[in-house]
Amino acid sequence: MKILAILYNGFEHAEAEPRLHGTVENKLGIEGWLASLGHEFIVSSNKEGPDSDFQKHIVDAEVLITTPFHPGYLTRDLVEKAKNLKICVTAGVGSDHIDLNAAVDHKIQVLEVSGSNVVSVAEHVIMSILLLVRNFVPAHEMIERGDWHVSEIARNAFDLEGKVVGTIGAGRIGYRVLQRLGPFDCKELLYYDYAPLPAASQQAVKARRVEDIKEFVSQCDVVTVNCPLHEGTKGLVNDELLSHFKKGAWLVNTARGAICDKDAVARALKSGQLSGYAGDVWDVQPAPKDHVWRTAKNPLGGGNGMVPHYSGSTIDAQARYANGVKSILEKYFNNQPQEPQNIIVGLGKYETKAYGQR
């Protein structure tokens, strides 16, 4: 069969480090295996426009593999052109780059490697919270400039201890963020989710659920976004919700860029309603050079902790999602049942509530 993979270019870095599995050069480590089975394997980073490799090959591919870090956006129009497409596999976690409703309608299965990035992203969230609260980036930039003005940095540096931290979404990643916040002796840990945690799990992390999102953000010094992108969460953090945040709160988003209105976040930073915004996800990836989140700052010239989308693409995570992709393909080739937690869309129906209550 024809298998199409849209990955990202690693260039000399992928040549030097073969464990960068998610790159065009290293092909998820499955090129030889697929060739031995007689399959045609097309790998490219070229995904934009009607003349791209993505659009050229999707019309007759049976399998599509793509990553959340350099996604091939599979719209309904492309789904309808993809007459042979049977299964889409996300090398990682997060399948919002696929029109899931179109996949349901056309009986195309959608799977992802559930859990492959949860530790990696949860660690990145904790790092991002600390770099915002401690005003780390301006301090480092000051040292690079050759300056030394402690008061300029310390006036906007705080302890995490004694703060109220809340997560929007308490699933695999959000829960691990709550676990990792335990040793910091926060004043309180909160979560907002459509489903309550099991009582034992909630007690284990000593977190309290707040059912109204405006009430939730109004209580938090730090808000971290750890929910999937779908119709119910797109643009969730907008001007109106940001007006309910504590003035000077910090916001971290490692989920999906489009959950936060980019211009609303930039305005909140500029006004001081937010002291900082950090994350690695953007509403279009790669992000345009003029994307407002690249340069948005608070009134003191800090508060920006944005990086390219790599929190879930550490070397360790890449090994997990490469192995997971191979496992999914093996099961597909052999007509074996998939692991339930990996299935987003089965044959003609959703198999998860992660992408909205349906």
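Glycine residues also receive a Cβ, built from the backbone N, Cα and C atoms like all the rest.
Within the same chain, residues at least six positions away from ASN117 (substrate binding site) with a Cβ under 8 Å of its Cβ are GLY92, VAL93, ILE173, SER311, GLY312, SER313, ALA317, ARG320, TYR321. Under the heading substrate binding site, TrEMBL lists VAL93, ASN117.
Cβ neighbour count for LEU229 (NAD(+) binding site): 23 (other Cβ atoms within 10 Å of its Cβ, all protein chains included). The NAD(+) binding site annotation in TrEMBL covers ARG172, ILE173, ASP193, PRO228, LEU229, HIS230, GLU231, GLY232, THR254, ASP280, HIS309, TYR310, SER311, GLY312.
Annotated domain 'D-isomer specific 2-hydroxyacid dehydrogenase catalytic' per TrEMBL: 43-337, in sequence order.
Residues or ranges marked as domain 'D-isomer specific 2-hydroxyacid dehydrogenase NAD-binding' in TrEMBL: 127-298.
The feature site 'Important for catalytic activity' is assigned by TrEMBL to ARG256 (among others). Using a 10 Å Cβ-Cβ cutoff, ARG256 (site 'Important for catalytic activity') registers 24 neighbours.
Annotation comment: TrEMBL describes HIS309 (among others) as site 'Important for catalytic activity'.
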Greatest inter-residue Cα distance in Å for the NAD(+)-binding set ARG172, ILE173, ASP193, PRO228, LEU229, HIS230, GLU231, GLY232, THR254, ASP280, HIS309, TYR310, SER311, GLY312: 25
Cβ neighbour count within 10 Å of THR254 (NAD(+) binding site): 26
SER311 (NAD(+) binding site): tally of other CB atoms within 10 A of its CB: 23
Cα-Cα distance linking ARG256 (site 'Important for catalytic activity') and ARG172 (NAD(+) binding site), given in Å to the nearest integer: 15
Length of the line joining the Cα atoms of HIS309 (NAD(+) binding site) and ARG256 (site 'Important for catalytic activity'), in Å: 10
ARG172, HIS309 as binding-site residues, winner by CB count within 10 A: HIS309
